[in-house]
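Feature list (source: TrEMBL):
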- 21-41: transmembrane segment (TRANSMEM)
- 230-475: domain 'GOST seven transmembrane' (DOMAIN)
- 234-253: transmembrane segment (TRANSMEM)
- 265-283: transmembrane segment (TRANSMEM)
- 295-319: transmembrane segment (TRANSMEM)
- 331-348: transmembrane segment (TRANSMEM)
- 368-388: transmembrane segment (TRANSMEM)
- 409-428: transmembrane segment (TRANSMEM)
- 448-470: transmembrane segment (TRANSMEM)
Amino acid sequence: MSYTDHGGDRRHRRRNRPASISAMFLYLTFHSIITLVGASIHDYQNETFIRRANSFFFHGGSEGLYASKPIEFNHSLDNFPTGKSFIRFESINFRRTKESAAKASSMQQKTGLVEAIIIKVRDRNNIGGVYLNSDAICCTPELAKEGSCKLGEVIIRENPDEPNGPKRLQTFFEGQNEETNMVIQTVDINSTGMYYLYFMFCDPELKDTLISGRTVWRNPDGYLPGKMMPLMTFYGLMSLAYLFLGLVWFLWFVKYWKDVIQLHYHITAVIGLGMCEMALWYFEYANFNSTGSRPMVITVWAVTFTAVKKTVSRLLLLVVSMGYGVVRPTLGGLTSKVLLLGVVYFVASEALELVEHLGNINDFSGKTRLFLVLPVALLDACFILWIFSSLSKTLEKLQIRKSTGKLELYRKFTNSLAVTVLLSVLWIGYELYFNASDPLGELWRRAWAIPAFWILLAYALLIVICILWAPSRNPTRYSYSEETGDDFDEEAVAVVGSGVKMSGEMSTMLERKDRKASSTSLATDHHVFGVIEDLEEDKRE
């Protein structure tokens, strides 16, 4: 096999260069985790190799794998063993260029080498020349003369005492053949860890070689990647949690169905969407775990329900903050703006979710994903600013009207929302710290908690809203009352006195004008007129 050692490969050992090997591994890792893996069956379709130092590499996948359990045979027709963890190479094909094949000798049996390297993150220093104080990845003539490695191969430190160390699988081109196939084989995983697979070659003559085929990664309990395995259980539990909340809300809804307001229907919709969302994600993960590939139809439905639920939840918070159904009967001219923000957020969220859950490992670059994340982040910021701005106006309006009961209700809601925002900021800080302190994915067994927190936080906030706005026999404590102009609550009645009736006698505009003319009868409660003016302003919006 021909091999050329370029001058840029750094022939001499240098004690200050081992760090460059770690930098190389970090580069490969960041290149691989920019997007999420779409399946435990990794497909390669004429992928190219990337040059790094004096080697060429292609990232074949990375997943957290648990160690194999004692093998048990199931009772299916294929009698496939369960409890076994492995990486299987299937139909892997390498194709070099015609020019590269023409330069090879037809008399030689081996005229090109491609290696498959399986390595755990903790063993990353055993690949390349780190332990030889060299920044080379492939063996150089100098290192070969010393007997440290074989020329043309990736440098790997073999440890007889560590059978689960880096594994090397070699595939050779023969004669002037343009293609070669990797032997179908399975590598058992007997040690838990984050595993990376790289296809690499050292011969510059093999430049522009393409790879196609697939590898199958399996955990003891199924094909679901290790860091996603706890999420399947989590989604199952959250489905039950939403089901329980839905049953309690439904019973309360039916009990006081004559007194429900429009806002209660919106809350019911959010609960129903959350229930469907969690159930769909559970079935999506269960199907993924059993087949090794994401079920396209279920995944699209789950992603869509997630986007719809996130949009409706934010709109619910916004309209509640605006006092919809409490201090104003409609949103007036703001309706179109609220709906426009909801539609834009749904489109942006749907696009981001589809990319994250349907994209394969090399489908999207970091810039593409960042382009989709930024709009969602900006729209979330718009929601937060609008929500708290509306809450401030609603609280101010309730203070002016001296609606003590509703004011106390909104103060509790504001405090709950403030705690939610505070927890969100703290968790975002933790996420940044987690990602910065674990760039290689060594903490993959705890990664599931990152998305799980947001789901739990949204569920907790929904429970708070259900408690504060629960249906009751006295809906006037938080609902808008058109007959009384929404300002004659229980406290106002006490101030005016028992002689003033707050029912049908004051339901018409004519009688309201009469009340304005009768200044003596309402002199002790002059703030009523300010509230009536606010009411007319709300109706004009």
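From the backbone N, Cα and C atoms, a Cβ is placed for every residue, glycine too.
Counting only same-chain residues 6+ beyond the ends of the transmembrane segment (295-319), those with a CB under 8 A from a CB of the stretch are 263, 266-267, 269-270, 273-274, 276-277, 280-281, 283-284, 287-288, 325, 331, 338, 341-342, 345-346, 349-350, 353-354, 357-358, 380, 383, 386-387, 390, 417, 458, 461-462, 465. Here the transmembrane segment (448-470) has long-range neighbours at 227-231, 234, 238, 241-242, 245, 249, 252, 263-264, 267, 270-271, 274, 278, 313, 316-317, 320, 409, 412-413, 416-417, 420, 423-424, 427, 431, 434, 478, meaning same-chain residues at least 6 beyond its ends whose C-beta is under 8 angstroms from one of its own. Outside the transmembrane segment (409-428) by six or more residues, the chain places 317, 320-321, 323, 326, 384, 387-388, 391, 394-395, 398, 453-454, 457, 460-461, 464-465, 468, 477-478 with a CB less than 8 A from a CB of the stretch.
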